[in-house]
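Annotated CDP binding site per Swiss-Prot: 15, 16, 17, 18, 19, 20, 109, 110, 111, 112, in sequence order. Annotation source Swiss-Prot lists Mg(2+) binding site at 44, 46, citing sequence analysis. What Swiss-Prot records for 97, 104 is FMN binding site.
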């Protein structure tokens, strides 16, 4: 079983506002809150990575991550915990996306401001295997792991 870490380095890119709309829809906001244990900042943090890296991260998320089922026109998504420049965040892989060379991240805070980055800055994304992050969730969220 994979324990990690996988490290992907990519370029922060400004989005088009699709993530903000998605996160602001009550159904998705509630589901994201259920998974991450906090109210998400209304928007996503987009990072351009190599397609192979994106596909590896997506495969990990769809194998071991949390599923948000489709609802309405936006479809579903897979979520998987990560660190971006050392800060906790969640990778989001929507079923419907135009960004084949990007990964989207969500957090309870505005990552762009928290990390003090601008369009074009390089960031590091780190992910671990499910046994590692499930243990971390139990230690920080209690025995239920935040569920």
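From the backbone N, Cα and C atoms, a Cβ is placed for every residue, glycine too.
According to its DSSP assignment, residue 111 (CDP binding site) is helical. According to DSSP, residue 15 (CDP binding site) is assigned to coil rather than to any helix or strand.
Reported as a whole number, the C-alpha separation between residue 104 (FMN binding site) and residue 44 (Mg(2+) binding site) equals 6 Å. Ranked by Cα separation from residue 109 (CDP binding site), the binding-site residues 44, 46, 97 are led by 44. Non-local contacts of residue 97 (FMN binding site) by the CB criterion (under 8 A, 6+ apart in sequence, same chain) comprise 104.
Distance between Cα atoms for residue 111 (CDP binding site) and residue 44 (Mg(2+) binding site): 8 Å, as a whole number. Secondary structure at residue 97 (FMN binding site), as computed by DSSP, is coil. On the backbone, the CA of residue 44 (Mg(2+) binding site) and the CA of residue 19 (CDP binding site) stand 5 Å apart.
Each residue contributes its Cα atom, and for residue 15 (CDP binding site) and residue 46 (Mg(2+) binding site) those atoms are 6 Å apart. Taking each of the binding-site residues 44, 109 in turn and counting other Cβ atoms within 10 Å of its Cβ gives the largest count for 44.
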